Structures are given as C-alpha cells and as structure tokens.
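Peer 1: First the structure, then my questions, so here it is.
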C-alpha cells in the first residue's frame, strides 16, 4: 500500500516528505520512520499547508501505532493517546491536523480489536490522503467557473500541490481553469516572512507552465489600482462557522485591498477545514513563530540585534470581506452562518 505525490511519499514503512524549507534552491527529502519524526517535520515546516499537515499526521499516527502496539486493545488505545497528543501539539491553527487525528482515533475505536489493526489504520491514512486529492480536484472544478478567459489572479502564500497531498486548493482552481483551456495569469505575492509565495507558488506554477509573475507583498494594492488583478484566490487553515477565515499572515491585508478595489476575494478550502465548533475568527488560536523568521532572510541577519519582533503565522479575514468560499461540495456565498452548515446537512 503506497502513495507518491510531489509533497509526500508513503512507502509502507516510512513517510518521505519534500523539504519545503529548501525549495526552490534544492529538492531534498526528509524520511520519517517514527511518529516523533513526523511531528518534528510538521513543527519545523518541512511540510506545511493545512491538508498536507493533516495527511502527514495521519501517517504519523500509523507509525506511532506500530511503535506502541500491544496485544491488549484498551492498553493500545491508551498508548495511542500519547501519539495523538504529540502530533496535535505541533501547530495550533490548522484544523485539518486535529480533524485527521480525530478521524484516525475514531476509526481505531470503532474497529475495536488488535487483530489486523495496523493494516486497518494504514488503510485509513491512505484514504485520508487519496480523498484529499479527489476533494482538491472537485474544488478546482467548481472554482474554475468563477474565472474568465484572460483573467489574472492574485495568490497569497502557497495553497497548491505542496500545501495538500496533491493538486492544491487555490492553485487547484487555477490549474482546473487552465486545463479547461482558459488563459489564466497569476500574480504571486512573496508572502513574508517565510516567502511561501516566492519560493513555493512560483516554483509550482513554473513547473506546470502556468504564467506567473512574482511581486513583493507591498505591491498588491498598487497592482489592483492599475487594473492588473481580476480576482484573488487564497487557501485557508481554518474557517469558522460564521465564515471568518484564518490563513497565512497578510491574507487580511489583501482582502481589505480587494474590497477597496471591487475585486472578488475567494477562499478555496475543503470541508475538513471548516470548523463549525469555532464560532468566529476570535476563537481561532493564532500560532506565533520564532523571531528569527523576521530578523533573518536566507540565513542572513537583516535587522538590528535584540530588536523586538511580533511574528504571528496567521491572521483572520472577516467574513464580510469574502466573496465566496469554494469547497468540494460547491461554492458557498453569504450568509455563511447558514450556508456553511448546509454543507454538513447533505
């Protein structure tokens, strides 16, 4: 039972992740043979993007099950709580992490016996990964309807194949539109401080032969004013029940600018990223990362010694700034409080 994509490879014995910290200068890989190695890869952003984190955690759970296996089922379940906790404590904002781990834990409890349990859990993790690819392609098909031939789309961060198991959410929409024969151009903003737009989105799109122009973060408003942008499409790390969206820091700024210039602002996200238990964006925990991500660039210090740093990894975009949320079940328009719930009633 194997899986191989641009982002990850499951060999049956280990999880191999492309090291996204090294792209585009190098294509290196990290081999994870234990659940703690998977946890480290998530925490250190070897792998990033909510769906990719969720799938990686599921495979981490499988590796943990092999390490913790005992013949007594209840004792095994108890040991797996520790595995889940270690994986869950890596990054707090992306809800797919907790969704995937809860799904694995619930599947284990429902299975209810130790005979064949390791193979069962491996199959469940593979299902999570394969479903993610199918979901992303469905998001792409729905979202492509919103783009016209000749449109230029602004993206923020990386919500492509690298952020998922494959194909991508925001970039999946662009890929699908291009596959339909539409001539789509992309403006990718660099996305400081981790430069996911410059390093990852530009790299991905160039590999696919999609027309991409890189801009710095402070150019997006001017590009909009000049009429160079027809739509904005971003991904999401968590969507609250009222439609507020947590995504990579800088998303809120882009949404405000899009609103000012009358440009549609779309969020592409699977239903696994929608958290109906989170009422509003105020309830979403925002991860803060180390100060060196801001004070250093490419290993070179660019700020004074001992300067104070504020480095939230995410921000929250208010629902009223979002034109629509594109999911694998269709396009959701306001009022989000009502229409997001309908996705889970069908």
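From the backbone N, Cα and C atoms, a Cβ is placed for every residue, glycine too.
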Peer 1: Going by the substrate site in Swiss-Prot, where 48, 49, 50, 91, 247, 248 are listed, which of the candidates 196, 301 is also part of it?
Peer 2: 196
Peer 1: What's the CA-CA gap between residue 91 (substrate binding site) and residue 157 (site 'Transition state stabilizer') in angstrom, rounded?
Peer 2: 17
Peer 1: How big is the Cα-to-Cα gap, in Å, between residue 50 (substrate binding site) and residue 157 (site 'Transition state stabilizer')?
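Peer 2: Here the two Cα atoms lie 12 Å apart.
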Peer 1: Looking only at Cβ atoms, how many others are within 10 Å of the one on residue 248 (substrate binding site)?
Peer 2: 26
Peer 1: Would you identify which of the binding-site residues 48, 91 has the most other C-beta atoms lying within 10 angstroms of its C-beta?
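Peer 2: Selected residue: 48.
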Peer 1: How many whole Å apart are the CA atoms of residue 157 (site 'Transition state stabilizer') and residue 196 (substrate binding site)?
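Peer 2: Between the alpha carbons of residue 157 (site 'Transition state stabilizer') and residue 196 (substrate binding site) there are 5 Å.
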